[in-house]
Amino acid sequence: MRRPGAVVRRAGGYVTNLMPSAAGEPSIGGGLGDQVYNRLLGERIIFLGQPVDDDIANKITAQLLLLASDPDKDIFLYINSPGGSITAGMAIYDTMQYIKNDVVTIAMGLAASMGQFLLSAGTPGKRFALPNAEILIHQPSAGLAGSASDIKIHAERLLHTKRRMAELTSQHTGQTIEQITRDSDRDRWFDAFEAKEYGLIDDVIATAAGMPGGGGTGA
């Protein structure tokens, strides 16, 4: 299911910082403040609600490692993100695989690009989307500048990254690498039910009661 327009235009209206600030710093996230996010963390909920960059990746990896101190309990990662930095996203991805805990992923609103990749990287059987979530896959991109030699090096590295992302997405979805490569060559949009059929998620849920542990909500 394709949608018109590039994802960068879709991202314009999204809140760009929804994680708690450090103690003593001004609160962020539309006035919600640290208390809300500390309460969520106490319920083992992590929220990715912005483009993926180094700052948010450091916060999320730290939270994953903190919650991993109780290795037998699920961690709930809610995702509403237009994507972002591949290297920052890979730090989150590798930490998700590194810890013993099951990481339950839930798409809400938009899970695009690296947001989709992290969604699909959740524990098998525990990857969900809300009914009106949209998911986008596409190939990694980068603006190339500099000398001809530098551009050649960066282009080769980008091709390597594209192959690696396709390999990992294939592992998490059951689709072939060739299929992933074809489908991500241009923006490909999925609604929640199409994402389930493709293997990006395991189920579509409308209420917290339909998820393991109530999605951390106590439902």
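Positions of Cβ are set from backbone N, Cα and C atoms, glycine also.
Quick look at what Swiss-Prot lists:
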ACT_SITE  SER113  active site, nucleophile
ACT_SITE  HIS138  active site
Cα-Cα distance linking the residue listed as 'active site, nucleophile' and the residue listed as 'active site', given in Å to the nearest integer: 6
Neighbouring C-beta atoms (10 Å sphere around the C-beta of HIS138 (active site)): 18
